[in-house]
Amino acid sequence: MNRRQRLPGQRPLVRTLALAAGWTAVALLGTFALDPFRNYQLALVAAYLCATAGLTVLVGATGQLSLGHAALMAVGGYGYALTSNALPFEGAARFVVALLAGAAASAVVGLLLGLAAARLSGPYLAGLTLAVVVALPAVASTWSTVLHGDQGVQTDFEGVPDALRRIIALEQWQAMVAVVVAAVVVTGLALLRGGRFGLRMQAVRDDEVAARLSGIPAGRVKVLAFAASSVAAGLGGAVLCFVAQAVSPGAYTLGFSLLLVVAVVIGGLGSILGAALGSAVIVLLPWLIGRLTAGLPTDAAQRLDGNLAVLVFGLLLITVMALAPQGLHGALASRRRRRPPDTPRQIDEPAPQKVLVPTEEQR
Amino acid sequence: MSALTAPPREGAPRLAVRGLSVRFGGLAALDDVSLHVDEGEVVGLIGPNGAGKTTLFNAVCGLVRPSAGSIAVGGLPLAPDPVRLAARGVARTLQGLGLFRGLTVRENVLAGRLDAHDPGSDTQRQLADLGLAEHADRPVGDLPYPDQKKVALARALVAEPRLLLLDEPAGGLGTDDIAALGDLVRHTAATGCAVLLVEHHVDFVMGVCDRVVVLDFGRVIASGTPDEVAGDPAVDEAYLGIEVTAS
Ligand SMILES: Nc1ncnc2c1ncn2[C@@H]1O[C@H](COP(=O)(O)OP(=O)(O)OP(=O)(O)O)[C@@H](O)[C@H]1O
Ligand SMILES: [Mg+2]
């Protein structure tokens, strides 16, 4: 990249790449320390991270709220599964082609949704995306010859490459692949947000009219942002299908879609690190609750199982909103940034909003 | 319209508005308004609240659709698309601040220059010109109001416009800031930029503008040099709402 292209005040490309490579290396090495079940959970976190990172960038940078990212994951999953099943070859090539097909499918759906989304705002956009998730089972049964209704589509299993089979177990391999895909997605999103497009998104979010007057095509920016976020979710869905060897509407319910939003909110809106933390929470919490209720008599445990998770997520959400409105990431960052007690506070005059200035902007 | 499709002529006004009318339902916000601004000229657009000043800006920027009339920039008719204005060398500030609250001072200015090859250097220069360099990386909302007004101005100026539309640039500013703003406007015009500004601050308008156009209820009721307009009884009447009998 041309050196001049970098915008001042934005994180340099090299730093973004180094940061991404560092985190990826940590996660990949970590898979060696984890048992198969933990590696399976890591793969889930990585797959969810694709979707939540896409969602947090969308909500944080453009202000568009999607309640339908689970459906976009499903689109990626179906794209992956159908392509994988149709391909005449196997191995790494099949995986990569199927993954790209999943991304392409979610790009198309995301573009169409984004076109509608750019004309809607607030509750209307949320409603539209909600409708897409709710409609998913109906879509799967309407085209049941291809999508196989509620049963979903099974795919062939992608095993560990021969060369690595001796040292790496299947779950670890799946976790590693998931981590690499998530790393690519997250890096892509970070670069997108850190460059000119990121500024355009934020300008449109803050003041659409002012953005357009500055030559920023607000409509196109919103559509592209939605499509990019959709591709991220689709890749997450494709990875999930790679891990589970199946995709079905039952995995992408409204509840799951809302859980993605919860992950983004508790992680901290707009923060990719927060999305990673949030994804870990939504994977680990239900499992922890399951462990806790396992000691109870079976019928009580069964009755509690599903409901307790909802309750705990609700409480968690309320707690985070009350104690750390910027989410986990915000709470961590502000702790790090806390000034030593002896440094003088910077004196910021409060913006004199009450001067004789029309606050209602007339345009 | 056909007379204006000719290629830009030497000496064609930067902005030419002919017979412009804008209606909001039954309300004629603008009624057969004509005005022009030449290169290097500062024209003030004044009038009481609701006279249609902002609406005229909105029409020029393609934010509202006129029911009649034509708008030409540099002799060429203007596409009714705000996004394409910047490329045509038109920049505008909004009556409020119109800033991007979630961005820093620098990013706000950068946003006005994103299509350029090297927006970073242009932005840095513009920030330095307006004395904003030391605040460059602060969130724009942390600045005092007069500095936020400067940021809005910097975002318009960084695009190096040939036509600058300023909607109440002095609103909320103190005497010193208004004087500095006046110098800046004159300086911008001296580089050949045409400036059309809306302002209620009478001393500022009279001191800075080459010509003044007075709107009332969507119609031009007076125009001329500041002195000519200041002595026009119709203007006093419009502003004070009282009958002034010419004696
Ligand atoms: N989008 C709109 N829809 C309906 N009416 C509008 C709209 N914009 C402006 N108006 C009306 O058009 C008239 C002119 O408004 P405009 O904002 O142009 O006035 P102005 O001269 O800028 O006033 P001010 O000095 O208060 O800013 C007013 O009566 C206003 O209420
Ligand atoms: Mg106005």
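Cβ coordinates are placed from backbone N, Cα and C, and glycine is handled just like the others.
On a predicted model such as this, the values are computed, not experimentally measured, just so you know.
Through the fold, the transmembrane segment (A:12-34) approaches residues 1, 6, 42, 46, 172, 175-176, 179-180, 183, 186-187, 190-191, 194 of its own chain, all at least 6 residues removed from its boundaries and within a Cβ separation under 8 Å. Taken from TrEMBL, the feature transmembrane segment covers A:12-34 (among others).
Counting only same-chain residues 6+ beyond the ends of the transmembrane segment (A:40-59), those with a CB under 8 A from a CB of the stretch are 27, 30-31, 34, 65-66, 69-70, 72-73, 171, 174-175, 177-179, 181-182, 185-186, 189, 192-193, 225-226, 228-233, 235-237, 239-240, 243, 260-261, 263-264, 267-272, 274-276, 278-280, 282-284, 287. Taken from TrEMBL, the feature transmembrane segment covers A:40-59 (among others).
The transmembrane segment annotation in TrEMBL covers A:66-83 (among others).
According to TrEMBL, the transmembrane segment annotation covers A:95-117 (among others). Beyond the ends of the transmembrane segment (A:95-117), by six or more residues, the same chain brings 64, 66, 68, 72-73, 75-84, 87, 125, 128-129, 132, 155, 158, 177, 181, 222-231, 233-235, 237-239, 241-242 to within a C-beta distance below 8 angstroms of the stretch.
Taken from TrEMBL, the feature transmembrane segment applies to A:124-143 (among others).
If you look up TrEMBL, you'll see A:173-192 (among others) marked as transmembrane segment.
The transmembrane segment annotation in TrEMBL covers A:223-245 (among others).
Residues or ranges marked as transmembrane segment in TrEMBL: A:308-328 (among others).
Residues or ranges marked as region 'Disordered' by TrEMBL: A:333-363.
Same-chain residues lying 6+ beyond the ends of the transmembrane segment (A:124-143) with a Cβ under 8 Å from its Cβ atoms: 64-71, 74, 113, 116-117, 149-150, 152, 248-250, 252-254, 257. Through the fold, the transmembrane segment (A:223-245) approaches residues 40, 43-44, 46-51, 53-55, 57-58, 61-62, 64, 66, 69, 72-81, 95, 98-99, 102-103, 105-107, 109-111, 113-115, 117-118, 154-158, 174, 177-178, 181-182, 184-185, 188-189, 192, 197, 201, 251-252 of its own chain, all at least 6 residues removed from its boundaries and within a Cβ separation under 8 Å. Below 8 angstroms of C-beta separation, residues 11, 13, 16-17, 20, 23-24, 27-28, 31, 34, 39-40, 42-44, 46-47, 49-50, 53-54, 57, 95, 99, 159-161, 164, 198, 228, 232, 235-236, 238-239, 242-243, 272, 276 of the same chain, each at least six residues beyond the ends of the transmembrane segment (A:173-192), sit close to that stretch.
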